[in-house]
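Data first, discussion second: the structure below is written as structure tokens.
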Amino acid sequence: MTAPPPLAMLAELTHRCPLSCPYCSNPLELDKRSDELDTGTWVRVFEEAAAIGVIHLHLSGGEPGARRDLADLVRGAAGAGLYTNLITSGIGLDRPRLEAIAEAGLDHVQLSIQDVDEAAADRVAGLAGSHRRKRDFARMVGEIGLPLTINCVIHRENVARAGDMVHEAVSMGARRVEVAHAQYYGWGLQNRAALMPDREDALAAGETVERLRAELVGTIVIDYVPPDHFARFPKPCVNGWGRQSLNITPRGRVLPCHAAESIPGLEFWNVAEHSLADVWQNSPAFNAFRGTDWMQEPCRSCARKEVDFGGCRCQAMALAGDPRATDPVCSYSPLHHLVREITGGTHEGEGWTPRGREQRAKDEPIPLPVS
Ligand code: SF4
Ligand code: FES
């Protein structure tokens with residue numbers, strides 16, 4: 001069976017990053033700078049992506065600003081006809097570089113913030129002055145004339161300020177804000193107990209954001225990613241495995257989702273050895289959970305199986321130890337009690353472990369920035 005074309009591709013240009021966010025969803029083992037794809041290979045991959053139907057290209061990391069060839073990469077992607085979105089911490093890109101990237105054809109900037117309280121934001125980021133730099137960066141994005149989306153990750157410590165994040169995004173000049181509850185993959189999975197908000201606080205954050213969505217129509221568009229551990233049904237992760245999107249790691253492995261390497265036994269192909277068209281259609285990893293034939297009960301006979309696709313394969317692996325299982329977040333799952341155990345009670349007082357230098361691929365200094 002021929003898979004329909006993908007819509008979006010996430011290019012993880014590097015795992016190097018100047019920040020230490022405890023909810024980092026990148027894998028525990030990061031790709032080294034010396035293993036990263038070179039400029040020419042990335043541009044070839046962008047051209048192949050456009051040829052198989054990809055429209056949106058997300059340039060991510062780590063911090064993509066750590067790549068000195070970022071403007072060349074954007075030029076190559078824009079030349080291939082892709083819509084380019086730079087997902088950045090705002091740390092490491094000064095004005096001349098951002099202008100060069102804009103001139104190369106960048107379409108959109110997505111800037112992450114950690115909090116609205118500067119001291120709290122800097123503590124989560126693990127970098128003094130980072131929030132002030134992000135405000136400077138947002139202003140620079142507006143002056144250059146690029147559209148801006150603010151992204152903020154919600155967790156136990158900042159859940160009461162979810163509404164303030166929206167107002168902060170408005171003050172930063174964003175047209176869009178994504179308020180997303182933490183997802184527990186990679187490094188973030190290790191810190192789950194400390195990051196998970198209490199149920200009442202998570203639900204209150206959702207109500208606040210919904211109220212602001214109505215109040216701020218015409219001012220800012222709000223995307224809200226709810227905390228699926230408190231939901232009745234799981235999220236349709238990546239809109240279904242191998243249906244719409246693909247991720248490429250810094251060293252060129254092509255993944256159906258961000259955390260797919262956490263599933264043992266999957267065979268990932270690399271862009272160094274296969275064309276993207278070949279990977280998309282034929283790689284064993286992409287075909288492992290396409291369609292619905294792989295499903296077990298209760299998903300197999302569930303009316304929602306084409307709605308949420310059984311939830312998240314990586315979460316099923318993490319919680320149930322079986323990537324074919326119904327995502328235990330689902331209230332129909334026979335293992336749903338595992339989620340109730342995780343979300344029950346309070347985690348007050350539990351500390352998180354910041355993503356430290358020894359875990360980050362940081363074998364080259366990042367040019368830190370912006371006045
Ligand atoms: Fe979705 Fe499977 Fe739950 Fe049905 S049983 S709602 S398909 S996760
Ligand atoms: Fe891998 Fe959800 S993160 S399927």
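Placement of Cβ uses the backbone N, Cα and C atoms for every residue, glycine included.
Please treat TrEMBL annotations as automatic predictions, because they have not gone through curation.
Predicted, not measured: the structure shown is a model, and the values here were computed from it.
These come from TrEMBL:
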BINDING   Cys17, Cys21, Cys24  [4Fe-4S] cluster binding site
COMPBIAS  347-365  compositional bias 'Basic and acidic residues'
DOMAIN    3-223  domain 'Radical SAM core'
REGION    343-371  region 'Disordered'
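With a 10 A radius on its CB, Cys17 ([4Fe-4S] cluster binding site) counts 25 other CB atoms from all the protein chains.
The 10 Å shell around the Cβ of Cys21 ([4Fe-4S] cluster binding site) contains 23 further Cβ atoms across the protein chains shown. Counting only same-chain residues at least 6 apart in sequence, those with a Cβ under 8 Å from the Cβ of Cys24 ([4Fe-4S] cluster binding site) are Cys17, Gly186, Trp187, Gly188, Arg355. Taken residue by residue with DSSP, Cys21 ([4Fe-4S] cluster binding site) is part of neither helix nor strand, so it is coil.
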